[in-house]
Structure formats: structure tokens, C-alpha cells
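Chemist: For reference, the structure I am asking about is given below.
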């Protein structure tokens with residue numbers, strides 16, 4: 001309920017404010033009804049039934065100030081009498097009687113309102129009903145409607161009796177009116193009279209006009225005008241007199257004692273000015289000007305009109321920017337003008353005040369005629385020295401590193417780029433070395449695989465193989481147990497700068513730290529001769545999960561060894577062998593029966609009991625054997641030291657000669673079976689795994705097929721970087 005009261009309060013304040021008429025007289029003796037509003041209705045007591053006898057009722061109807069009250073009867077039915085002596089309705093406004101009504105229709109001696117509009121001169125109207133002591137008939141009385149009608153004070157004058165509601169300009173609105181004055185005048189406290197007050201006016205626009213009051217009509221007398229032009233500091237005012245100049249002048253005294261115009265600005269004064277000659281333009285050299293105009297109590301002169309303009313204070317000119325430009329280009333730069341500097345492609349803006357780089361720079365003319373900052377310079381973009389690449393270099397070694405200069409990345413001998421690229425990078429405009437193919441990615445180098453620096457020149461066709469020369473088989477790994485001088489355990493192959501591949505049975509009985517790998521060796525007894533070898537330990541051994549010799553014989557006889565320490569650096573004697581490649585689901589190269597491959601190692605050169613391993617690395621050429629022959633000759637045979645017979649699976653292949661004489665043997669296990677493609681690209685196709693014997697007729701060596709394990713190899717190396 002409290003909320004409702006709070007909401008109703010502002011609504012009540014918006015209702016029209018009416019003042020009861022306060023009329024006295026005989027009507028005050030009866031019942032008085034005060035009615036207020038913009039419109040409404042009144043009716044006789046008992047309406048639409050009969051009104052009572054001996055009744056006296058008065059309705060004081062008020063509408064808001066600024067309106068006239070208007071009344072119209074919608075129904076009228078009173079007792080008929082000559083001159084309305086019995087029952088009547090009297091309509092009045094203040095002390096003025098507007099009309100008397102009675103009866104049902106107008107006739108001699110009585111008068112009814114009909115559709116007549118009864119309009120009061122003011123905002124109130126009174127209606128009085130008086131009845132006598134008896135009525136022979138039943139009369140129903142009256143019902144009337146009242147309405148507020150707007151007064152046009154601008155035409156009729158105001159309620160105070162003034163014929164002219166406003167001295168200058170009048171604006172009527174419902175319920176009232178508003179006055180305003182012409183330029184140079186102010187509305188007085190009576191809200192209708194205009195007085196001259198022309199001091200204190202301030203102009204802040206950059207251009208405009210100031211005139212004497214009423215210009216070009218005669219200006220008022222007894223003026224004390226003061227106009228101020230006040231612009232933002234940094235703009236300079238110029239005043240131009242336009243059209244006519246007419247200020248009362250004394251016929252003899254030239255100091256303008258009657259009327260005068262004086263202009264003050266920047267510590268200087270122009271005037272007093274008077275007469276009829278148009279003054280010269282005034283360049284103030286200031287952002288503020290004061291215009292003082294006075295007139296005496298006589299004269300009939302038309303005054304003056306000043307058109308003022310402004311322009312910003314000028315800043316010093318700007319010199320051309322080497323290797324750059326600025327916009328806009330103008331003969332003169334003034335206050336608030338701004339210049340945006342940019343450099344040509346390949347150059348960077350250097351701020352004059354602190355030497356820092358900026359993408360763009362804006363220089364603005366200040367209000368004191370100076371620039372807000374120093375002009376910049378343009379410096380050529382410098383990409384800096386290109387990053388060093390591992391196992392590579394740049395040509396030239398100390399290149400010029402500025403915009404558009406080029407540098408060529410090269411891989412060291414025994415290395416190549418990991419992705420196709422010409423290695424030529426250009427310094428671009430953003431300060432980065434870029435290549436059309438690599439964009440901003442600096443190339444990386446990886447070891448060249450399968451390309452020995454010194455490939456073999458002679459094929460071995462003698463029993464026991466042929467001694468290899470330095471660099472013939474740079475991927476060959478010598479695997480020893482317990483130390484770099486430990487016993488020969490087998491062979492392996494370097495397939496990149498971190499990994500050795502070998503047969504699982506070679507390393508199955510040793511922990512990683514017990515395995516030693518020598519690379520680049522020819523003589524197993526002198527592994528460090530001529531400084532061309534490198535011996536590493538192993539920090540991770542990964543056996544193929546399917547290698548279970550007690551269940552599946554030598555199936556899945558393959559393992560990976562991760563070299564400890566830094567990646568291996570490639571030399572003429574240490575380089576990896578290529579694994580077969582998979583392109584669109586097809587492996588290349590493939591094993592083809594009768595095609596020859598090469599087996600290398602330090603294994604036994606004779607199959608006789610008591611033979612020893614080879615002191616030097618040897619190699620032998622062996623043809624690939626058809627799968628069916630491999631199966632017939634090697635499957636389900638008895639092998640010394642094994643409790644079950646041999647098993648030949650699809651993960652194996654055979655190589656050798658039917659007549660025997662050349663073969664891998666003990667000590668060669670895990671070593672590579674390689675083939676050469678196109679006479680120069682070498683691929684690892686097999687690992688020496690097992691055989692019934694060595695180099696015997698109809699007994700072929702069995703090798704693990706590397707192409708069957710490519711997915712496993714790449715996955716394990718990726719997971720164990």
C-alpha cells in the first residue's frame with residue numbers, strides 16, 4: 001500500500017492546478033460543489049430522476065490557468081415559469097451573469113440553453129440550480145459538460161490586461177505562452193519585456209560573425225556591449241568588417257565621444273572606431289579578442305558587422321625522409337596538422353628522440369608552433385646473422401644481413417636437408433630469413449643414408465669374403481659385450497645418428513649399459529686406429545615384442561639400440577644405411593630372387609670347428625633365394641643347441657649359393673644384408689639371423705626381413721627420442 005501511495009504522488013502532481021472561484025452571494029447559502037479539471041460534467045441532484053424541491057446548489061467549475069472555461073448542456077428539463085421565477089439555472093463568471101435558464105424550450109418569458117456553447121472570459125464558470133417549494137410535474141433537471149479551451153495570448157493579450165503579451169516574440173502553447181527577445185536583448189524578470197544586455201557573450205567557434213544589436217537596423221541606445229572571441233590556444237584570429245560600418249561620430253572630436261567600437265587582442269588595441277568608413281582587416285596574432293561597443297542616449301545609426309576567421313599557428317617545414325615518405329604533403333603545416341611517416345619496404349622507422357623502432361609514427365603541430373616530437377629516420381631492416389644449423393653452415397660464412405640480401409644454407413658433407421629446398425634464404429621486410437618453400441623455417445640437416453664416401457670397387461667371389469676398405473660400409477657397427485675391448489658379440493647397422501639396428505638374439509642376454517658399439521672400424525682388434533672410429537655405450541635396448549626364441553625360433557629377430565650421449569657426427573667412415581621406403585603403401589626396394597646383396601662383418605671366415613673371427617671387416621656378395629627353396633632347405637631342421645627344429649616364417653628370407661662357399665657365419669649375427677640401387681644407393685634389406693651351417697652346399701643363411709618391421713621401427717624411434 002505504501003508503494004501505491006508513492007506512485008500516486010507524482011501522478012497527482014501532474015494534474016492541472018485549478019483555483020476555486022470563491023464567489024459569494026446567495027449561492028453560498030446552499031450546497032457548493034467545487035469541480036476542477038481540463039474537462040468533466042455536472043448534473044442536477046437525482047439526475048436522471050426528478051430534482052428535489054427547495055434546492056439550492058452551486059457548482060464552481062475551474063479549469064487550469066491559461067484556459068477558458070466552456071460549458072454545454074446535454075440535457076435540460078426544468079419547471080416552466082415566466083422569467084424563470086420558480087425553478088432556474090443561472091450561469092455566471094465572477095460577478096458577470098452569463099445567462100438564466102428554465103423550462104423545456106425557449107419561448108416568451110423563459111429560455112433554455114439548447115446546444116449553445118457558453119464560454120467564460122477566464123478559467124472559471126459557476127452554475128447555480130434553485131428550485132421552489134413544489135412541482136406539479138416531475139422534471140428531470142440537467143446534465144452539462146465543461147471543457148478547458150486554450151487562450152491564444154499572443155493574439156488576445158495576456159490575463160493581466162496587456163494588449164501585447166510579449167514585447168518582441170510570442171509563442172502560444174496550450175495553457176500558456178512564452179516570450180523571447182531578438183538578438184542582443186534579454187528577457188526581463190516579468191517574462192515579457194525585452195531589455196538590452198550585450199555583455200558577457202563569448203564566441204568559441206573557429207569562424208563566425210559578431211554584429212551590433214539589431215544590425216542592420218539601428219542599434220539601441222545606452223549600450224554597454226562586450227563580446228569575447230576565445231578560441232583554443234594555437235589559433236590566430238583575423239577580423240574582417242563586412243557590408244557597412246555606421247557608428248555615430250562627433251563632427252569635431254575624433255576620439256569618438258558619442259558611440260565607439262574598440263577591439264583589444266594580444267596586448268594591442270584598435271580604436272576607438274566610429275564614423276562610416278569600413279575599417280581595415282585586423283590580424284590579431286592571438287587566440288583571444290575583446291570587442292567593446294558603447295552608445296549614448298541619442299542617434300540612429302545602423303552599427304557594424306564583423307566576420308572573424310582563424311588559422312593555426314605555423315610549425316617549421318619538414319625535410320624529405322630518406323628511404324621513406326610522409327603524408328600529407330603541404331606547403332605549410334599549422335596547429336593540429338599531423339604528419340604520418342612511413343618507410344619504404346625493407347626499412348624501419350627509428351624515433352628521433354629515443355632511437356627506438358616503430359611501425360609508424362605521427363608528428364603533430366602544437367599550439368606553440370613546434371612539433372610534438374623529432375622527425376624520424378628510416379633504417380634498413382637487418383635480419384641479423386642467420387641461425388647456425390647443426391651439421392651445416394652458411395655461404396658466405398659472414399653474410400650481409402640487411403633487407404634483400406641472400407644467404408645459402410648448406411649441409412656438411414655426409415648430411416642433407418630433411419625437406420626439399422635450395423637452401424637460399426632472403427632477408428625480408430619484416431626482419432626474417434625466408435625461403436619460398438620453407439618460408440621462415442630454417443632448414444635442418446640429417447645424415448645422408450646409403451651413400452658411402454668410398455663404395456666398393458670389387459665384388460668378392462672368394463670363400464670367406466673380401467676385406468673391406470675404409471668407408472666401404474660406413475654403417476657397419478661392431479657390437480661387443482662389457483667393454484670396447486670385450487668379446488665380439490655380433491654386428492649391427494647405423495640407421496640414423498642415434499639408433500643401431502641388430503638381431504634380437506645378439507643382445508638379448510645383456511643390459512643396455514653392458515653393450516658397447518664401435519662405428520667406423522675396419523680392424524676389430526684396433527678399433528681406434530687412425531682416429532676414424534667412435535665407440536659408444538647404449539642407454540636403451542628395445543627388443544621386438546614378438547621375439548620369443550623358445551616358442552617361435554628366430555621369428556621377429558630384430559632389436560633397436562639407442563646410443564648414449566650426443567647424436568653421432570657423420571664422417572667418411574661413419575654414415576647410416578637407408579631403410580626401405582614406403583610410398584603410397586608400396587615398399588621400395590623389394591627383395592627379388594637371384595638379385596644379389598652384400599653381407600659384411602667380422603664373423604668366422606670358415607665353418608670348421610676351431611676357426612676364429614676375422615680381424616678385419618669383410619664382405620661377401622650373396623644372391624637372394626626363392627622363398628620355396630628357402631623353406632625346403634631350412635624348415636624343420638635340427639640345429640645344435642636348440643631343443644626344437646627350425647621354423648621359417650614370412651618375416652625371413654634366405655640368401656646364398658646352392659654350391660655353398662660363401663656365407664655369413666658366427667660373429668656376423670645382426671649385421672646388414674644390403675642391396676645397391678642404381679649403382680649408388682644402398683638399402684638395408686635384412687639382418688643376419690641364423691643358419692644350419694656356414695657356406696655349405698644347399699644350406700642358405702637366413703635373414704630377418706627389415707621391410708616387415710618398418711612401422712615398428714619408426715614408431716619406436718619416435719616414441720624414444
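In case you wondered, yes, glycine gets a Cβ from its N, Cα and C as well.
From a predicted model like this one, the values you see are computed outputs, not experimental measurements.
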Chemist: 259, 280: which one does TrEMBL list with 248, 296, 298 for the Ca(2+) 3 site?
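Modeler: Within the candidate list, TrEMBL flags 259.
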Chemist: Determine the most Cβ-crowded residue among the recorded positions 154, 296, 445, 665, using a 10 Å radius around each Cβ and all protein chains in the structure.
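Modeler: Neighbour-count leader: 665.
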Chemist: Can you count the other CB atoms that lie within 10 A of the CB of residue 198 (disulfide bond)?
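Modeler: Its Cβ has 19 other Cβ atoms within 10 Å.
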Chemist: Between residue 378 (disulfide bond) and residue 411 (disulfide bond), how many Å separate their Cα atoms?
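Modeler: Between the alpha carbons of residue 378 (disulfide bond) and residue 411 (disulfide bond) there are 36 Å.
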Chemist: Provide, as an integer number of angstrom, the distance between the C-alpha atoms of residue 343 (disulfide bond) and residue 427 (disulfide bond).
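Modeler: Between the Cα atoms of residue 343 (disulfide bond) and residue 427 (disulfide bond), the distance comes to 17 Å.
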Chemist: Rounded to the nearest angstrom, how far is the Cα of residue 84 (disulfide bond) from the Cα of residue 654 (disulfide bond)?
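Modeler: Residue 84 (disulfide bond) has its Cα 148 Å from the Cα of residue 654 (disulfide bond).
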Chemist: Using residue 427 (disulfide bond) as the reference point, find which of the recorded positions 154, 256, 274, 445, 557 has the shortest Cα-to-Cα distance to it.
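Modeler: Nearest in space to residue 427 (disulfide bond), counting only the recorded positions, is 445.
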Chemist: An 8 Å radius from the center of the 150, 153, 172, 173, 176 Cβ atoms defines the neighbourhood of the Ca(2+) 2 site; name the other residues of that chain inside it, in order.
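Modeler: So the extra residues in range turn out to be 66, 151, 152, 154, 171, 174, 175, 177.
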